[in-house]
Every structure is written in structure tokens, then in C-alpha cells.
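Comments concern the structure below.
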Amino acid sequence: MHNHKVSGKQIVSYASFCLGNLGHSAFYGVMSTYFIIFITSGMFSGLNQSVADKLIGLITGLMVLVRIIELVIDPILGNVVDNTKTRWGKFKPWILIGTVVSAALLLILFTGIFGLAQQNWILFAILFVLIYIAFDVFYSLSDVSYWGMVPALSEDSHERGIYTSLGAFSGIIGWNSLPIIVVPLVTGVTYAVTGKHEEGAPGWFAFAAVISALAIICALIVCFGTKEKHNIIRDSAKQKTTLRQVFGAIFHNDQILWPSLAYLLYSLAAVITNGVLFYMYKFVIGKPNDFWVVGIIATIIGCCINPSFPVLNKYIPRKWLFIAGQTCMVLAYVLFIFGHNNVFLMDLGLVLFNINFALLVTVLTLTDAIEYGQLKIGQRNEAVVLAVRPMIDKFAGAVSNALVGYVAIAAGMTGSATAADMTSKGINTFNMMALYIPLALAVLSIVVFSLKVTLSEKKHAQVIEELKSKLAQGEIEKKTSVDTGTKEVTIYAPADGELMQMSSVVDEDGKPFPGKGFAIEPSSGQIYAPFDGTIKFTFGTKHAFEIVSQNGLQVVVHVGLGTVNLRGEGFETFYDDGQTVKKGDKLLEFDRDLALNNGYKDTIVIFYTQPGRIQNSGTIQAGKDIKHGEKVVDVQFK
């Protein structure tokens, strides 16, 4: 592996992208969690309570409907971004436009559409739907563009990982900073404007204005601090994903279905709880000024959990990490229910609630399910599979808004109500909907993951090996084209090293490597394209990829023997699946020393995935030293 030297421009790009999600994530927190709190507490102040409750129910229902519709229109918005062509690229315009417009619309919503609810609630409801739909569309355009921008910033998988990690890190800070500032800011501004110590409408507007301004500033930083690398090949490789494809993938692949269900149960519990914690501190505990503790604890734990996961996963299977995290969540609910009057127990509950690996485990399990599906049903659905988790998050967010609105009305936590106004019936209603239901969901997620998710790290390695054998023997990819006579492709060495006959290749367990092809005992860790062609797919472990020549020869370049167990560690790719490459283009680097030190071999095997089509595979000059780009063999096939 080469030593990554980071230039000044690269540091600016990293920092700019990182800061972008600081404001973006905080803005999402306002729209997904705190807007519903404003609706239930400040938007309809001054109206008759029964009328206000009806409007809260109506608006909440409309929000949920819009959020669910968003699941359908998201792919359309993705196409809008993909088809955008400007001198600034396709992503930056929508990051800025989406953020500015959604911020302006959010501010209008935080005014109660300029107090229209008190004048004409029917017109208010109509305008609310139109404004909220526009707001949601423009926010989604910004969101799709921000995360979709990563492949445009670098073709290096290592650098992409840095961008993603930095964005996730700043997102934790942006999201969790909201509980720290919301009460002081809202109550402070309200007192300055009205002289009342409460969370009033002026304070909520100021809160929304501050976060909206932050989001716009951060969007500008992304636009000016990063540079999109236009790549026609990358554009052509982009896959479009529909809601129908997502559900099709879920129901045809059980190891997508069950992890998704377990994650849905977790996500519902988590977003419901995050949505009601403010109500808990204000109405149940009676200490809204202590709500800042929620953000402090979540930030500290969140910044520790993500970096610790790879280390823990080296020694603890991810299934047990999922169960451990969910067990912590269950214990947190027990403390919330029975210990909410004790400061120490509440803080301990918040710590346990934030110790969770469900997101990371689910992402990795779904990624592994791509190869599982290829083996089971003969199809790879990368884009579809990776779209499952974000759609679950959006669905869970919609359900959370509905439940939070219902809880606030049913428990009497709307308008100007305070902790002193709470009845035992209201508290019991709150506990049932806000704590007992999420507790049951957390327990069910443990049951589903424990009993139904079988795709462990070890099982995935077995799937890869079986898939490799079937590919080499031509059992996975069948010939679909009509014969047009014999074709020929010249294969050039993808690496420096010594040529080997396929019959001489023995894996780390002493078993012969199946199929037709040849191998190279490498002298370096760089892998190059063996001919002009298109990258068809890459295993999630990055140790093997298939490349198809312009006239249809399908070849897998398999890097190392036993290296599947490294699970991508020590591998860096410099292409996108679906990308067209030229002979000699650098495609991959791998750490030979890491493979050898772990007891694996660094042998590079090149084999044909449709061996039945091969008519003449030429003669391999075994033992010959060869440089990448030098001719190895002419292959004739039908």
C-alpha cells in the first residue's frame, strides 16, 4: 500500500465536506424532531385547546403522509440531480438551492404561516401541505446531492471512506448539539420578547433561524471548499433505484428481509424515544432546563461508539454487538420508566440508550447480503440493497412524527401545559406510548436478529468461496448473447510478478483453485486493467472483481487466497462498478504484507466466469517474470 500524502487542497476539501454535514444534520434534527414539538407547544398558542388539538392531529397526519410519499419520489429526485449539468457540477447547485429554499420555507412554517392558523385554519391547512411538500422536496434534493457527491470527490476508496467518516462524525455533533442549545435559546429569546419564562413562538422561530443560517453557511462551505471531478464513466455507472425494486430485493433475499426488519424495529424505538425525550424532561420530570444533558451524553457516547466498532468487531461477531447494543437499549427503557425521578439513573439510562451498534451492523450485513443474493438467486443488487436502510429511516421518522403528535395530545402535553398540569392518567398514557412500546420494539429486534439473521462474517466468507467456485465453473453467469462466431481478446498482465499455471494454484487450505485461467505470484500490490472493458461488479470484501471485455469475455481478477477473511482491510479501489476502463488503468492496491502476516497468500488469480465459451486459452509461460501491461495470452471464445 502506498503512503497517502494529503495536500493542502485535500485537507480543505475534507474539512469543507465535514462541516457541510454539521449544519445539514442539525437542520434535519429541527425538521424531524423539534418541528413537531413546536407544533404541539407553540404553533397554535392562543387558540381554543380543543381546536388546537384537532389542528395538531391534522397537521401531524399530513406530515406523515408527505413523508411516506417521499419514499416514492426520492428516486425521481435522484434522477433530477443526475440529469443536472452546470459549470459547477451536478451536486453543488442542488446542495445550495435545496438548503436555501428549504431553510426559507422552514422559517415560514415556524411562523405558523404568519399566524394564519388563528385567522383561517382551513386555508392554513391547505397552505401548510403545499409549503411542507415543497420544503420536503428541496431538503431531499440537498440531502441526495450531499451524500451523492462523495464519488465525485474522489475515485480512491480510501479517500471516499475518509469523506464519509468525517461527514458522519460532524453529523453526530450537529444532531446532538440541538438538545444542548434548544431550551436556553428558545426560553431566552421568548423571555426577551415577551417577558415570559416559557418555550414560546418567538423563541422557536429564533431557534429555527439560527439552525437555518448554520445550514446555509455550511452548504456554502461545501460548495466553495470542494471540487467535483467530472467523470463521464462515473455518470454512466450510476444505477437508478425504485421503491418496487427495493421491496423486490427485500422479499427475494431473506438476509435482506430479516436484518431490515430487525433494524426497522430498532429504528422505530430509537426515533420515537428521541422524539419524546423533550416531553419527558418538560412534563414528566419537570426539568426542561436539564434537557441539555441529553445532547452532551449522546455526543460523547456517539463519538466513542463509531471508532470503537472496528476494534470490537475484530474480537466480537457483529451479531453479538447488535444484541449487546439492543440489550443496553432495553435496560435504558427500564431506567427511564422506573428511575426518571433519579438524576443518576436517568443519566445512566441515556448512556445505555446511546450505546448501540444497530446502524453499523445493519449496513455491513446488508452489504454482505449482496453476495448472498448473487449466490442464492443469481442477481447482484448493490444500489437496491444500499437504498433499503435510508428508506427504513425515513419510514421510521414518519411513524415517529405520528406517534409523538398523538402522545402529546393524548397525554395533555400541548399548548401552554406544564408539569404541574399532568395527571396520573396522562403520565401513564405517555409511558405506554413513549416508553413501553419502544421497549417492546427493542426486545423484538433482538429476537428477530438472533433467530433469523444467519449471515455472519464467517458465513459470508463461505458464501464468497462458494460463489468464487461457481463463477469459475460457469454455474452463475450464463451466456445470454447469440453466437456470432469466434471472438478473440488479448489479456495483459494485471500485475508485476511471476506467471503461474492455473493447475499450480493451491489455496491457503491446500485445495486446488477451480476453473480456467492463469495466476501471478506478485512482486507488488498494484492491480491494473488486463484489457479494455467494463467493471461488472466487486465483492464487498474488495478482494475480487469481474471485468468484461468490449466483445464479451468475462474475467474475474481474484487478489490473494484466503484474503476474503480480511473483509476489505488492506484493499483500495480506484474505480466504480459499471465503469469503463482502459488496459493498464490502475484499479486496485492491496497490502501484501498484511495478507501474508495473517497466513494468507498474495497470489493473483485471473479466471473466466464462462469457461464453456473458451475455445482456446493459449499457452501460459509459467515461471516467466512479467510486468503489468505485458501480453500474457490470446483467448479465443464464442
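Just so it is clear, glycine is given a Cβ too, placed from its N, Cα and C backbone atoms.
Under the heading region 'Permease', Swiss-Prot lists 1-470. Positions annotated as transmembrane segment by Swiss-Prot: 27-47, 56-76, 94-114, 121-141, 166-186, 204-224, 261-281, 291-311, 320-340, 343-363, 395-415, 429-449. What Swiss-Prot lists as domain 'PTS EIIA type-1' is 503-610, and the listing cites sequence analysis. Summarising the annotation, Swiss-Prot assigns phosphohistidine to His558.
In the domain 'PTS EIIA type-1' (503-610), the DSSP tally of helix, strand and coil residues is 12 helix, 49 strand, 47 coil. Beyond the ends of the transmembrane segment (166-186), by six or more residues, the same chain brings 14, 17-26, 28-30, 33-34, 146-147, 150, 199-200, 203-204, 206-207, 210-211, 277-278, 288-289, 291-296, 298-299, 302-303, 306 to within a C-beta distance below 8 angstroms of the stretch.
In sequence order, Lys468, His543, Ala544, Ile604, Val605, Ile606, Phe607 constitute the residues six or more apart from His558 (phosphohistidine) in its chain with CB-CB distances below 8 Å.
Touching of the transmembrane segment (261-281) and the transmembrane segment (320-340) is concluded from the presence of at least three CB pairs under 8 A, sequence neighbours closer than 6 excluded. Tertiary proximity for the transmembrane segment (395-415) is limited to same-chain residues at least six positions away from its ends with a CB under 8 Å from its CB atoms, namely 32, 36-37, 39-41, 44-45, 49, 52-53, 56-57, 59-61, 63-64, 67-68, 71, 264, 267-268, 270-272, 274-276, 279, 282-283, 421-423, 426-427, 429-430, 433-434, 437. Regional average pLDDT for the region 'Permease' (1-470) in the model is 86.
In summary, the transmembrane segment (121-141) lies against the transmembrane segment (94-114): three or more C-beta pairs, each 6 or more positions apart in sequence, are under 8 Å. Within the same chain, the transmembrane segment (56-76) packs against the transmembrane segment (27-47): three or more Cβ pairs sit under 8 Å, each pair at least 6 residues apart.
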